[in-house]
Amino acid sequence: MAKITTAVLQKMKQQGDKISMLTAYDASFAKLFAEQGVEVLLIGDSLGMVLQGHSDTLPVTINDIAYHTRAVRAGAPDAFVIADMPFMSYGTLEQALQSVVPLMQAGANMVKLEGGDFLLPTVKALTERGVPVCGHLGLTPQSVHIFGGYKVQGKTDAAADAMVAQAKALQDAGAQLLVLECIPKTLAKRITDALTIPVIGIGAGNVTDGQVLVMHDLLGISSGYIPKFSKNYLAQTGEIRSAIAAYVSEVKSQAFPTDQHSF
Ligand code: KIV
């Protein structure tokens, strides 16, 4: 696979080529995912749940994300690697400026932050200093205690309008990618059409510029609650490489997610 950059992802949006993204946490899976054509690898703070066994993502630290980012980068030198900023590592602008250093030095191409308006000065400051930013709106898991559970967001007209405005503001502040999690498909389409930067969905329907899944959900090895938007590709193919290839193929053709996986 040719080296994936922000320019490549931007061109994919312009050409209507769908972007496949997966979480990855180690070198072996990162290598395998890149070999199967996954363009973007996310060291998600979901690792707090799927690797560390916590019930939410809040205990994850910058050192955890940096450790796994280094491993993923070693396994996939040409992939586009996004490192999640964990809970309260960007509560203030000063914290954010310090927190990105170990992540970028571990090999990340971009960092991902959850939230809207309060982050605008941070997004601007990071991009001005050479740190590409991915926004994350909708069901932002670090705010699970505010939401009172893992619930679909943006369901009312007012909430939908506010999310469209926040997405545009993040783009204007310099964000070069946006993840939308667990929102109605109609709202995901509105936001994807309104933005010039690529929009990646998870539980947002097949109308975004690409899809992301947690690798453990795709392989059917997550324990406990399995979200409606995930799909077990290993059950369908019986082999890990084929499961990843099937995921990439269905993202590209927009066969995944179906309405059964959407809100
Ligand atoms: O932490 C994570 O894995 C994520 C994805 C679900 C988008 O943020």
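Quick reminder: no glycine exception, Cβ is built from N, Cα and C everywhere.
Feature annotation from TrEMBL assigns Mg(2+) binding site to D45, D84, E114. Here TrEMBL flags D45, S46, D84, K112 as 3-methyl-2-oxobutanoate binding site. Sequence annotations record features per position, and here TrEMBL assigns active site, proton acceptor to E181.
Projection of TrEMBL feature records onto the structure.
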residue	record	DSSP (3 states)
D45	Mg(2+) binding site	coil
D84	Mg(2+) binding site	strand
K112	3-methyl-2-oxobutanoate binding site	strand
E181	active site, proton acceptor	strand
Close-lying binding-site residues around ligand 1 among D45, S46, E114, where CB distance stays under 6 Å: D45, S46
D84 (Mg(2+) binding site) as reference: those recorded positions from S46, K112, E181 with C-alpha within 10 Å of it: S46, K112
Candidates D45, D84, E114, E181: member of the recorded positions with the richest Cβ shell (10 Å): D84
Extra residues within 8 Å (Cβ to Cβ centroid of D45, S46, D84, K112), 3-methyl-2-oxobutanoate: T23, L42, I43, G44, L47, T57, V60, I65, A83, M85, P86
Long-range Cβ environment of K112 (3-methyl-2-oxobutanoate binding site), under 8 Å and at least 6 residues apart: L42, I82, A83, D84, M85, V133, C134, G135, H136, V179
Maximal Cα-Cα distance (Å) across residues annotated as binding 3-methyl-2-oxobutanoate, namely D45, S46, D84, K112: 13
